[in-house]
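S.K.: Have a look at this one.
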Amino acid sequence: MLTLNEHLLNQVLLIAYQSGKHLQQFYQKQVHVELKEDNTPVTEADLFVSQFLTEKLTALFPNVPVLSEENCHISFEERKNWKEYWLIDPLDGTQQFINRTDQFSVLITLVRKNKPVLSVIHAPILSTTYYAMCDFGTFKKQLDQVKKLTKNTTNFDRPLRIAVGATTSQEKVRSILPKDFPCEFVVVGSSSLKSGLVAEGAVDCYVRLGQTGEWDTAGAEVLLGETHGAIFDSHFEPLTYNQRETLINPHFVMVGDQSFDWRSIFQFN
């Protein structure tokens with residue numbers, strides 16, 4: 001298995017930056033858009049960067065398989081025995097890319113024994129990169145400024161800050177909160193960028209009551225794990241990785257302060 005160290009992290013960062021440059025080039029022109037079987041959009045940028053990432057990672061780490069959102073039809077029978085693998089989302093926030101909101105990213109995560117252990121989230125237009133590795137910490141790079149992110153404490157002297165997507169029903173989110181619970185919604189693009197905001201304490205949590213894939217959340221597991229945050233499903237159980245036939249996540253909440261009793265806030269049916 002790969003050794004978790006700064007050299008490995010820097011190799012992955014470089015690949016993420018190279019992928020970001022490709023996304024920038026596609027972003028400057030009109031891209032072809034198609035609908036996938038699940039009715040979500042995919043562009044030529046998704047497909048190109050998926051192939052680029054797969055080739056780069058395979059060339060550097062030939063014994064480590066790659067699972068991409070755009071090539072996720074590998075059978076569970078084949079992948080269930082993987083000891084470690086790369087889980088990638090070449091363009092997290094495809095709809096934001098199409099809508100030209102700048103809020104999209106490339107996401108690379110190393111999963112070992114069903115646990116994400118290294119992650120890089122790079123948003124090229126925002127010049128923002130989040131990266132984390134087990135027992136190393138979580139960092140945010142904005143332009144040339146690098147900051148190590150630390151433990152967050154949820155402050156209930158003010159409204160709860162909840163990150164949601166642009167298409168998320170805020171009333172639906174309110175329905176799982178106590179009646180008249182004070183909160184404010186922060187609308188952000190891709191799932192990975194929302195997880196970065198949770199990790200740095202810009203929001204208290206991110207609620208997702210819609211469909212996502214394991215590639216959308218794996219990176220957040222490392223970011224939040226290193227800053228004492230957490231991700232849980234509607235039963236307050238952790239998400240799983242490569243342990244089921246499906247790669248689709250259940251509904252979930254990401255929180256920046258895992259020490260708080262979130263069961264007293266979120267009231268799932």
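Even glycines carry a Cβ here, placed using N, Cα and C.
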S.K.: To which of E69, E237, E245 does Swiss-Prot also attribute binding of substrate at the site defined by L91, D92, G93, T94, D216?
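M.R.: Answer, per Swiss-Prot (substrate site with L91, D92, G93, T94, D216), from E69, E237, E245: E69.
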S.K.: How many whole Å apart are the CA atoms of T94 (substrate binding site) and E69 (Mg(2+) 1 binding site)?
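M.R.: Checking the Cα atoms of T94 (substrate binding site) and E69 (Mg(2+) 1 binding site) gives a distance of 12 Å.
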S.K.: Work out how many Å separate G93 (substrate binding site) and E69 (Mg(2+) 1 binding site) at their Cα atoms, rounded off.
M.R.: 12
S.K.: Enumerate the residues of the same chain, E69, L91, D92, G93, T94, D216 excluded, that satisfy the criterion Cβ within 8 A of the mean position of the Cβ atoms of the recorded substrate site; list them in sequence order.
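M.R.: Near the substrate site, beyond E69, L91, D92, G93, T94, D216, sit D46, D89, P90, F104, S105, L107, S190, S191, S192, W215.
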S.K.: Of E69, D89, D92, the binding-site residues given in the record, which has the fewest other CB atoms within 10 A of its CB?
M.R.: E69
